[in-house]
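Residues or ranges marked as compositional bias 'Basic and acidic residues' by TrEMBL: 1-16. The domain 'Sodium/calcium exchanger membrane region' annotation in TrEMBL covers 91-246, 279-421. The annotation region 'Disordered' is assigned in TrEMBL to 1-24. Residues annotated as transmembrane segment in TrEMBL: 59-85, 121-143, 155-177, 189-213, 225-244, 279-298, 310-336, 343-370, 376-397, 404-425.
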């Protein structure tokens, strides 16, 4: 009995997963392949295997060491050192950007792990809250510093990046991999998201038109009051959308992918890799670290613009969204390659809907509480850009099909937008 028990204990120890199993790699393409130790593994590997029995060390290994993108983590502390030692804003901005990118991806991972324990309803609310946590943290810090235009332009850039670049790359790669057939997705769900995006454009357009036509009852005050009222309405609309999505949408829009659902579920059953309290702890740690780095990032924007000779509008609209959208970009492409376009749309268009209907109105209300005059007047150039982009995406989604040519057109549209903001001078600096 003694040797047999020892053999059984060794077997059970060898089954401790040290990395992400293939079935749980749905939304994270940065994971390393599983690490397997041979029976003749070296002393170091055997010591690591023994240490994995301790939950905290195992959790640190899974969260910090099993994702390839985490090689960028040292750039965060390096940016802080450069801030105090050299004062070169260009390098501080660039390294802060690199340091926040893996944190944004790991925030999404921790949220996904916590959703295993909370159920679909609370999990959906968690994804709505932490899905764009990086953008919200950067925006709140910039708002505290009175950098209202940076907040407006970075959030606008996140919407444009998700709608055009992320969705375009997903359609393009999915269309090339599945060139022999037409990829389909739920047309009804896409139309609901398109309608919400158009409602967001309407909320942004009226304050801008009111300002530039000089038709305000009280100049400078009516525009702000309208923005705050519209923001409250948009938050109510988004809360209704969350309820609709969680309670009604699974029955209404799940018909397209139901045919092979049972086979996929049996093959792709997921299991949590960390415990509930570990996920909560990592969410707190990662959010705190993102908050610290966001401060250095925002402080270096103006200096980076001057030293690198890049307009602040280009930095805010094009470069900053790359940080928050890293995880969405990778997972959207991965799902498109797997021919799961409904999830791709949920990642790309769903994130745009969250920012336009939740994050932007939240920043207006938060600025209201802080005494900052944050409004929905994004200036005519930015509002027109968003309006045209939403129209282009709405036309691409109306058929319920996807191919590589649609993806290529969305990518080319984003390149035009990027070039436009590179030569764009923000008029608010002169007006104010």
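Cβ from N, Cα, C; glycine included.
Note that TrEMBL annotation is computational and uncurated.
Since we're looking at a predicted model, the values are computed, not measured.
Under 8 Å from some Cβ of the transmembrane segment (225-244) lie the Cβ atoms of residues 124-125, 128, 192, 196, 199-200, 203, 206-207, 210, 353-354, 357-358, 360-362, 364-365, 368, 374-377, all in the same chain and six or more residues away from its ends. The DSSP breakdown of the domain 'Sodium/calcium exchanger membrane region' (279-421), given as helix, strand and coil counts, is 121 helix, 2 strand, 20 coil. Counting only same-chain residues 6+ beyond the ends of the transmembrane segment (155-177), those with a CB under 8 A from a CB of the stretch are 132, 135, 139, 183, 197, 316-318, 320-322, 324-325, 328-329, 332-333, 335-337, 339, 341, 344-345, 347-349, 351-352, 355-356, 359-360, 363, 378, 382, 385-386, 389-390, 392-393, 396, 402-411, 413-414, 417. Counted as Cβ pairs under 8 Å, contacts with the transmembrane segment (310-336) are highest for 404-425 among 343-370, 376-397, 404-425.
Counting C-beta pairs under 8 angstroms (sequence separation of 6 or more), the transmembrane segment (376-397) reaches the transmembrane segment (189-213) with 3 or more such pairs.
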